[in-house]
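Down below is the structure, laid out as structure tokens.
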Amino acid sequence: MQQIQDQRKKKVLVSCFKQIGRCTVSCILVLLTQFALTLVPHFFPASSLLVQLTLSVVALVFVLGLGRWCRRIVGVYASAPALVFFNLIFIWAVYIFIVRQAIPYFISIVFNIEVTLLILGVCSILSSDPGLVTHGSSDANKLIETKAFGVEAHNEGSALLKRVRYCKSCKAYIKGFDHHCPAFGNCIGQNNYVLFMILLAGFLTTEASYIVCSSQFSRGSQILGGTWFETDLAGSLVVSTMLFSLLQVIWQGVFFTWHLYCICFNIRTDEWINWKKYPEFQFVIQSQPGESFTRVMFKNPYDNGYLQNVKEFLSVNG
């Protein structure tokens, strides 16, 4: 009995050390990333925004490659949620210690509230239940019966059960599974899809606010378009974090638009990508006389019109 307890304690300690190691690597990687981005406005202060954005992408790719190389050598890899958290904290610190002095008091309060709510939202989605179908639950038993006997969905409950998908990352079945989100370290499913969309909107709003505030600071300090000697460390930090936020807004905006499309047409990302795996999305066109093959086309059996789809999203996922 004592040996079993010792083994459990050892496993807990090993797990804690692994998490500490991953968080440490993540923090170092964030600092390296932000330092690399700082070099762009420092050495190319007079370059156009497009050139600086391109150079920032190159710097990010370089640091990402360096991180993967270190992972192979050290054997410890970064935590994606920790990367999100530390990047958010870094930008917040730049705002508090540098940018805030040029921003009106009321706007500063609003921005700080935005960041605080964003951090709380990230912590919430990390521990949220995406719609896990646990072993021994009624949903798990129904799922087994449906698979074993080929039961068709005749009511709302069984129809929702048909959209239970398997997540390879979590090795679990998730109701309304959309995708596994590495940035939040969790699956996005029926129970946390609304929270996920709120967080995406929150990131876009906060990052856009920071871009506006940092641009105002830069114009007031005449950093943008300045010479090499005029762009000091503080100015470089402001411009580099603004470029980082702008890149985030670009890809997150595309991602947010995609999920709005999915909501309006009542389809999940996993279903769109892997529709050939799910029979309900397959529409078989019989071959014409003289043809020796049949065609399988995509159809969405869950699309009930924009308004009904959005209503279903809010009622089921809310």
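Keep in mind that glycine also has a Cβ here, set from the backbone N, Cα and C atoms.
In terms of DSSP helix, strand and coil, the domain 'Palmitoyltransferase DHHC' (162-276) has 68 helix, 14 strand, 33 coil. What TrEMBL records for 162-276 is domain 'Palmitoyltransferase DHHC'.
For the transmembrane segment (20-43), the residues of the chain that approach it from at least six positions outside its boundaries are 52, 55-56, 59-60, 62-63, 66-67, 70, 74, 76-79, 82-83, 86-87, 90, 223, 228, 231, 233, 235-237, 239-241, 243-244, judged by C-beta separation under 8 angstroms. Marked as transmembrane segment by TrEMBL: 20-43 (among others).
Sequence annotations record features per position, and here TrEMBL assigns transmembrane segment to 49-67 (among others).
For 74-99 (among others), the entry in TrEMBL reads transmembrane segment. Using a Cβ-Cβ cut-off under 8 Å and counting only residues 6 or more beyond its ends in the same chain, the transmembrane segment (74-99) has close neighbours at 18-19, 21-23, 25-27, 29-31, 33-34, 67, 111, 115, 118-119, 122, 126, 182-185, 210, 213-214, 217, 234, 237-238, 241, 244-245.
Annotation comment: TrEMBL describes 105-126 (among others) as transmembrane segment. Within the chain carrying the transmembrane segment (105-126), a Cβ under 8 angstroms from the stretch's Cβ atoms is held by residues 81, 84-85, 88, 92, 95, 184-186, 192, 195-196, 198-199, 202-203, 205-206, 209-210, 213, all 6 or more beyond its ends.
Among the features that TrEMBL reports, transmembrane segment is placed at 193-217 (among others).
With a cut-off of 8 Å between Cβ atoms, the residues of this chain six or more beyond the transmembrane segment (237-258) that come close are 34, 37-38, 40-41, 45, 52-53, 56-57, 60, 87, 90-91, 94, 98-99, 197, 200-201, 203-204, 207-208, 210-211, 214-215, 217-218, 223-224, 231, 269. Under the heading transmembrane segment, TrEMBL lists 237-258 (among others).
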Cβ contacts under 8 Å made by the transmembrane segment (193-217) with residues that lie 6+ beyond its boundaries: 91, 95, 98-99, 101-103, 107, 110-111, 114-115, 117-118, 121-122, 124-125, 128, 176, 178, 181, 184, 223-224, 238-239, 241-242, 245-246, 248-249, 252-253, 255-256, 259, 263, 313-314, 317-318
Model confidence over the domain 'Palmitoyltransferase DHHC' (162-276), averaged pLDDT: 88
